[in-house]
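What TrEMBL says about this protein:
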- Asp6, Val7, Gly8, Asn9, Thr10, Asn11, Val12, Val13, Thr134: ATP binding site (BINDING)
- Gly109, Ala110, Asp111, Arg112, Thr186: substrate binding site (BINDING)
- Asp111: active site, proton acceptor (ACT_SITE)
- Asp131: K(+) binding site (BINDING)
Amino acid sequence: MLIAIDVGNTNVVIGVFDGDDMNARTKWRLQSNIHRTTDEYMVLLGNLMRLEDISPRDVEGVVISSVVTPLTRVFRKLSTTLFGQEPLIISAGVRTGMPIRMDNPKEVGADRIVNAVAAYDKAQGAAIVVDFGTATTFDVVSPDGSYIGGAIIPGITVSLEALVERTDRLPLIEIARPKKVVGRNTIHSLQSGIYYGYVSMIQGIVQRISQEEGMKPYVIATGGLGSLFHQESGLFHEYSHDLTLQGLKILFERNRA
């Protein structure tokens, strides 16, 4: 049994894999909190595992991707204490099987490389991953399987919260797909601007990347709000809610061989 841990700025997503199955048996989402101790996370995870009848003794490996340095240390200690396993931490020097064509490969977030590896495994060719997280990121994989860069824009929730915080009369709204672009009230106008604004931005960036690189990429959405935008016809080829966890499993297997 493999435990895959994706530590993001907002959430920690933990998936459990059995054998060769690329679909997580179960997964949990915890809040990323640098003030929470290893013991606290260990109690939380231990209780969740008991609810699913999973024993720490059954865990044969742990792999971690983290963009939050203090929590990297926390989950490394959790792995050795709870599971008795030294985790594979995705960082420079880990065998990915994917050349990174960046000015400074070490500055690329681990989660972005993990997503790119999983996307190429699915597409077996050129791919773009659009990850809806705290930031919305675009990661580009060339037809030969190299990571060639991408783009980063403010996340949808971050953008909305910043707008509401800096204005006096705009409410914090539910992010949803309105039936019409032209809003007839403030809430619908905000929903339209946020939703269709991001749709157009995603379409534009994907189109520009495709033209610039001269490729026809397989476009995959992931991250929490990706499921909302996947319903927009022609925007993505696929929505994969477990893309990062699947990438972690792939990298664990490559480095165990």
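Note: Cβ is positioned from N, Cα and C throughout, glycine not excepted.
Same-chain residues at least 6 positions away in sequence with a Cβ under 8 Å from that of Thr134 (ATP binding site) are, in sequence order, Gly8, Asn9, Thr10, Gly155, Thr157, Val158. Comparing the Cα of Asp111 (substrate binding site) with the Cα of every entry in Asp6, Val12, Asp131, these being the binding-site residues, the smallest distance points to Asp6. Scoring each of the binding-site residues (Gly8, Gly109) by how many neighbouring Cβ atoms lie within 10 Å, the top position goes to Gly8. Closest to Arg112 (substrate binding site) by Cα-Cα distance, out of the binding-site residues Asp6, Val12, Asp131, is Asp131. Cβ-based neighbour count (10 Å, all protein chains) for Ala110 (substrate binding site) stands at 24. On a Cα basis, the residue listed as 'K(+) binding site' lies 28 Å away from Thr186 (substrate binding site).
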